[in-house]
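**Q** Summarising the annotation, Swiss-Prot assigns ATP binding site to 45, 52, 53, 54, 94, 99 and lists sequence analysis as the type of evidence. The Mg(2+) binding site annotation in Swiss-Prot covers 192, 206. Under the heading substrate binding site, Swiss-Prot lists 257, 314, 315, 316. Sequence annotations record features per position, and here Swiss-Prot assigns domain 'ATP-grasp' to 9-237.
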């Protein structure tokens with residue numbers, strides 16, 4: 001789950017990371033009020049989940065509250081890469097001498113939280129990694145003790161912050177960012193840029209936090225911050241139904257119960273020369289309504305040329321899955337071929353229910369994948 005910049009900066013501020021003064025506005029009048037409270041030059045920034053806001057005209061400076069109101073009226077309602085701007089962040093505009101990148105991310109190779117810093121701040125870190133990887137300094141936090149003081153200092157020295165006061169403040173900010181990352185169950189937390197001001201102090205100008213959806217049950221306050229404006233309708237509907245769905249680029253829709261089985265199913269589809277259109281896990285104990293919703297989500301993708309069901313009934317009853325498939329087909333008019341491999345609890349009843357339908361039966365996963373690939377290729 002992505003957070004807007006203003007939401008991320010509020011979290012950073014709670015951990016003692018210095019951020020610029022300001023607030024979020026939904027109307028030009030609110031933007032003017034915030035600018036009056038700041039009492040100086042401000043920057044008005046569109047709050048949308050896309051990059052390149054500045055180039056699209058979504059970030060503008062204002063010297064007076066009146067200008068802030070005018071600029072906000074121009075940005076609010078603007079369409080940036082398909083997203084409508086509904087909120088703007090009005091923040092203090094400051095001068096600075098240097099931009100730094102600082103971020104925390106899970107590194108699956110080392111199975112550690114890795115803190116990254118770069119002297120090349122203000123640009124996408126992926127671009128720095130591609131063009132000048134030597135400019136990125138990394139340290140892996142200890143899995144039990146977290147980010148240690150000497151590691152935070154190593155980051156500072158690694159990007160050229162040799163002044164003792166600056167290095168100490170940077171280390172404090174890095175440690176605070178790590179704590180925030182861990183406490184909110186984030187998958188990414190970054191400050192870009194973290195700037196060095198004329199007096200040598202550091203301040204966070206822009207920030208980004210992405211939360212791990214699997215940890216949101218521990219954070220109802222953060223879940224309440226969700227903005228689904230950039231979330232595809234199918235994924236939003238799946239989330240609300242308790243279905244794990246990720247759209248892919250292939251043409252074979254897959255409905256499976258269990259994440260491991262779903263990944264194995266996709267592998268076998270690839271083995272037989274096909275391309276999965278999605279990852280979809282209906283979970284354990286799915287009833288017919290959930291199955292119906294899942295099938296409707298799969299069929300909402302116009303690229304789907306065949307649908308493959310791979311259900312292993314343990315907690316999930318095969319007959320309930322079969323009822324859900326039939327119920328969905330009664331509501332969705334489609335000629336997409338469907339292949340079903342259903343085994344486990346009440347499988348005989350499930351097969352009986354499907355026997356009168358147009359579904360193509362399969363006894364094994366390999367057979368189901370092969371038939372699905374053939375069906376998709378024939379269309």
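Glycine too: its Cβ is placed from the backbone N, Cα and C atoms.
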**Q** Go through 99, 206, our binding-site residues, and report the one whose Cβ sees the most other Cβ atoms within 10 Å.
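**A** In terms of Cβ crowding, the pick is 206.
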**Q** Between residue 257 (substrate binding site) and residue 45 (ATP binding site), how many Å separate their Cα atoms?
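**A** Distance between the two Cα atoms comes out at 43 Å.
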**Q** By a simple count of other Cβ atoms within 10 Å, which of 192, 257, 316, the binding-site residues in the record, is least packed?
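**A** If we count Cβ atoms within 10 Å for the binding-site residues 192, 257, 316, the smallest count is at 192.
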**Q** At a 10 A cut-off on CB-CB distances, which of the binding-site residues 94, 315 has the highest count?
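**A** Going through 94, 315 one by one, the largest Cβ count within 10 Å is at 94.
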**Q** Please state how far apart, in Å and to a whole number, the two most distant Cα atoms are among 45, 52, 53, 54, 94, 99, the recorded ATP-binding residues.
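**A** This binding site's residues have a maximal Cα-Cα distance of 20 Å.
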